[in-house]
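Novice: What TrEMBL records for 75-96, 116-139, 151-174, 210-227, 247-270, 282-303, 315-335, 355-376, 388-408, 428-451 is transmembrane segment.
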Amino acid sequence: MEAVFVQKYIKRLNRIRLELSLPGERVDPFDTGEEEQSQVMRGLLANMGVAPSWQYKNGENLILFTPKKKKRSQMASLALSVILAFLCGGVCRFLPESVRTFLANELISPVFNRFMGLLSAIAGPMVFLSIVWGIYGIGDMAAMGRIGKRMIGRFMLMTILLTLPVCVFAMPFFSLKTGDGGKFDFSELYQMVLDIVPGNFFTPFTEGNPMQIIFVAVLIGIAMLILGNKATIAAAFVEQSNYIIQLIMETVSSFVPVFVFGSILSMILGNDFSVFLPAYKVVLVMLMGDAILLAVYLVLVCTRRKVQLWVLLKKMMPTFLIALTTASSSAAFGVNMECCEKDLGIDRRIVNFGIPLGQVIFMPGVSVMFLAVGFCMAEIYGVTVSPAWLAMAGLIAIVLAVAAPPIPGGALTCYTILFVQLKIPMEAVAITIALNVILEFITTAVNLFCLQAELVELAASLDMLDVRKLREEKYMK
């Protein structure tokens, strides 16, 4: 069948989009008739920039493809901004103290405060919309039957089970300031739980309370999920608002290298070098925590599926190395899909929507990173730590790991929320974003490694795993 279509190549604000339009009846070219190829899954792939999306609007079939930019350019910019900040700080040491004070307090600090205010204004709505839309989307995935429900449940459960032991493991590496001798106070923990519930739906946003915003988002998301088709207008509003706020955040994040440069330079001008010294603990503790995650999954798969360790590692290493060297799950997407189906023996029905979904909501490496960052910054800035604070740190790390928007600037939003909730000064954002240049490479690789192993276990529990293919040695071509 032949048809005439219109092709458009659009470039706006350095963002490229390819658009194909065909007038006529509603025809979805990507509909395979299989339930796992749902609209939500295709939407995830489209947002990752690895697949086109389809729409039917005003009597036209539209195919849209927006390739995602590589993150490496921003990583290079951040690294360069840190180096330049230290170089400029060294040069400024020769200036009179009055000039250094003027630069730090009168020029850089006001810009820093405004930028942080802008981030705080965006962070709340961004996480709110991301959670609401994510919960509403679960309805489509759960409709797939036992596979979708089991997958979502395992992702949530394993994120919790993997994060909590790492939280206990990481604590001894930090000299945390404890209140009341670190004694357990049930009333404080009980009050923390009560404080999560807001007095009304508006104060969480006006006061900037992250946990209350998340609580309201969960309530609204569940309500929309229950209503289903009755909430289609609200769902469309949330979806489009989510895209708008993510675009705004991507634009703001393009100025992050300038922000990091100014913030680090201000610290150097103010002779505040002490904050940099313990920062190495973030990387060290995160590496050890990630090693625990990898070891748990390797032992789990090797013992339960009776596969040799070196055979399993040989199959999973290509995806791991691509993620480690690019800090991009999208770059490793094709290799990841091929590895899971052809090398690990996972049924295609699980691979087709398990990988796109898992790359968005199953990120145990990110939860470990948030914990390490929270503990380290609490030590640097002398934040008083109590059992309730530790419980909140673990909870917020898990929630943010699931709710983190997979876009440039998503981590920056989560750090802002993390520090507000844990009462860590906003000055910590600059140090953390500088460290994030290294951290994202590690967390991306760990996330994909854990995802592959988790899909193996899920497939085995559903009797959808080719064990023979999993155990056989992979020969290099």
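Placement of Cβ uses the backbone N, Cα and C atoms for every residue, glycine included.
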Novice: Please figure out which one of 151-174, 210-227, 247-270, 388-408 racks up the most CB pairs under 8 Å against the transmembrane segment (282-303).
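Specialist: Against the transmembrane segment (282-303), the leading stretch is 151-174.
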Novice: What residues elsewhere in the chain lie close to the transmembrane segment (355-376), defined as a C-beta under 8 angstroms and at least 6 residues from its ends?
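Specialist: Cβ under 8 Å, 6 or more out: 41, 44-45, 48, 134, 141, 151-152, 155, 158-159, 162-163, 166-167, 170-171, 173-174, 176, 278-279, 281-282, 285-286, 289-290, 293, 329, 333, 336-337, 340, 393-394, 396-398, 400-402, 404, 406, 414-415, 418, 422, 424, 432, 435, 439, 442-448, 450-451, 454-455.
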Novice: With pairs restricted to those 6 or more apart in sequence, evaluate whether the transmembrane segment (315-335) and the transmembrane segment (428-451) have 3+ C-beta pairs under 8 Å.
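Specialist: They are in contact.
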Novice: Are there at least 3 C-beta pairs under 8 angstroms linking the transmembrane segment (116-139) and the transmembrane segment (388-408), leaving out pairs fewer than 6 apart in sequence?
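Specialist: Yes, since the transmembrane segment (388-408) and the transmembrane segment (116-139) share at least 3 Cβ pairs closer than 8 Å, they count as touching.
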Novice: At a C-beta cut-off of under 8 Å, are there same-chain residues at least 6 beyond the transmembrane segment (116-139) that contact it? List them, or none.
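Specialist: Apart from its flanks, the transmembrane segment (116-139) reaches 40, 43, 152, 204-205, 208, 210, 213-214, 216-218, 220-222, 224-225, 228, 231, 235, 238-239, 241-242, 245-246, 248-249, 252, 360-361, 400, 402-405, 412-414, 416-417, 420, 426, 429.
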Novice: Give the nonlocal contacts of the transmembrane segment (151-174) in its own chain as ranges (CB under 8 Å, at least six residues past its ends).
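Specialist: Result: 138, 141-142, 281, 284-285, 288-289, 292-293, 296, 350, 354, 357-358, 361-364, 367-368, 371-372, 375-376, 378-379, 390, 393-394, 397-398, 401-402, 450, 454, 457-458.
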